[in-house]
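Per TrEMBL, the features are as follows:
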ACT_SITE  A:CYS82  active site, nucleophile
ACT_SITE  A:HIS187  active site
ACT_SITE  A:GLU189  active site
DOMAIN    A:6-203  domain 'Glutamine amidotransferase'
Amino acid sequence: MQTIAIIDYGMGNLASIANMIKKTGGKCNIVNNAGLLPMYDKVILPGVGAFDTAINNIKINGLWDALNKFALEDKKPVLGICLGMQLLCNQSEEGVEKGFGWIDADVRKLQLNNSSLRTPHMGWNTLHVQNKAFPLFKNTEAEQRFYFVHSYAVACNKQENIAATTNYGGHFHSVIWNHNIMGFQCHPEKSHKFGMQIFKNFIEL
Amino acid sequence: MLKQRLIPVLLLQDEGLYKTIKFKDAKYLGDPINAVKLFNDKEVDEIIILDINATAGNHPLNIEYIERLTSEAFMPLAYGGGVKTVEQAKKLLRLGVEKIIVNSAIFTHTDNVREMVKVLGASTIVASIDVKKSFLGKYEVFYKNGTLKYKGTLKEALELVNDIGVGEVMVNAIDKDGTMNGYDLGLVKIIEPLINAPIIICGGLGQLEHLKQVTNSAISGFAGGSFFVYHGPLKAVLITYPAYNTLHEILK
């Protein structure tokens with residue numbers, strides 16, 4: 001069976017993701033050693049916290065080059081979750097560091113057109129699927145509900161990278177995609193049956 | 001989309017699941033791990049686990065036990081009880097805890113809580129404020145499981161959590177805890193304009209009708225205890241949670 005590396009750069013909900021992969025029948029290890037990365041078939045990039053801290057931690061741990069090789073040269077599947085998704089983009093208004101830039105998108109502070117809403121966007125919300133061909137949407141339910149916690153959101157520069165949008169005081173791009181690179185703003189590892197299907201699909205890629 | 005979450009609060013004491021009335025008379029209900037599994041099957045929005053003895057008993061975090069709980073939780077899990085330092089909070093997040101709830105530390109370790117918000121992100125830190133009405137009908141803030149009174153006013157306590165910049169604020173009405181007779185609507189009205197972050201209210205939930213009584217838009221979460229663990233007038237222990245369609249009708 002293929003093995004998934006959950007990248008440990010000191011930030012993120014690693015155990016939840018590992019629990020979910022085990023629950024859905026996959027195999028994974030938590031990896032913080034860049035040298036071991038080539039032995040893995042897929043990567044999950046988790047993340048909770050601030051953009052610049054994350055990028056700096058990745059660099060300090062020597063993971064920056066290894067991840068670039070994994071994603072761009074080896075073209076193996078990479079799934080970014082929450083902040084991990086934002087790291088796939090060019091840059092973020094939250095910081096000054098550059099992101100991986102694997103997906104042509106920028107991260108902006110959530111702009112709410114409804115004064116009764118507050119940030120962070122915290123709670124359950126639905127995905128509006130923009131591209132049914134996205135491989136992780138296989139066998140998913142008509143209404144997909146996911147748990148969100150974030151104050152910044154992704155805006156893709158190219159329509160083709162948008163797999164789903166979500167409405168919270170305006171639409172943002174909640175699921176993004178560029179070939180082997182995939183990102184979820186929400187937390188599939190915390191979204192019971194809806195999330196389980198996403199992980200199942202990722203495991204079966 | 002449901003704008004609001006319905007959240008069971010599980011009270012932990014020495015690895016047992018308990019339910020209190022007005023923060024007292026803790027009654028043993030059963031095994032918390034089983035309860036988490038059952039709530040998981042019922043696809044709850046979120047779950048809150050509070051170790052009601054952690055700060056008062058001054059014992060260290062039971063990391064190993066919390067790990068066993070989180071490994072069964074495929075939904076967001078917030079943990080509170082005895083968290084005072086960034087290191088503790090980090091450890092909990094690594095175990096799969098989604099959010100850290102602070103109560104006593106807001107007042108006793110304010111700088112540490114500020115540091116938690118800075119290092120771990122605002123959306124990871126929830127401030128829990130326990131409120132009780134005085135004999136004169138004034139709302140006062142308590143901490144350390146309701147045993148110590150905060151010197152300032154409710155407004156000052158909420159200004160403090162606004163200033164710390166937590167991602168969410170949970171307000172517990174101590175007088176309503178375990179009564180199942182509805183949320184403290186007067187309190188909800190007072191706190192709504194005083195809190196910048198999304199608000200979770202707790203204390204008094206006894207039936208789904210009680211959710212409809214709260215029309216304030218800033219309430220992002222309805223928490224409860226007895227409602228989710230007791231059934232019928234004799235309060236038989238039964239883990240319950242409404243079906244999504246039922247909730248959808250009420251919270252739409």
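Glycine residues also receive a Cβ, built from the backbone N, Cα and C atoms like all the rest.
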- Tell me, what is the mean pLDDT of the domain 'Glutamine amidotransferase' (A:6-203)? 94
- Looking only at DSSP and grouping its letters into three states, which state does A:GLU189 (active site) belong to? helix
- Could you give the Cα-Cα distance between A:HIS187 (active site) and the residue listed as 'active site, nucleophile', in whole Å? 7
- Item | Close in space, distant in sequence - A:CYS82 (active site, nucleophile), Cβ under 8 Å, 6 or more apart | A:GLY12, A:PRO46, A:GLY47, A:VAL48, A:VAL149, A:HIS150, A:PHE184, A:GLN185, A:CYS186, A:HIS187
- Densest Cβ neighbourhood among A:HIS187, A:GLU189 (active-site residues), 10 Å radius: A:GLU189
- Give the helix, strand or coil assignment DSSP yields for A:CYS82 (active site, nucleophile). coil
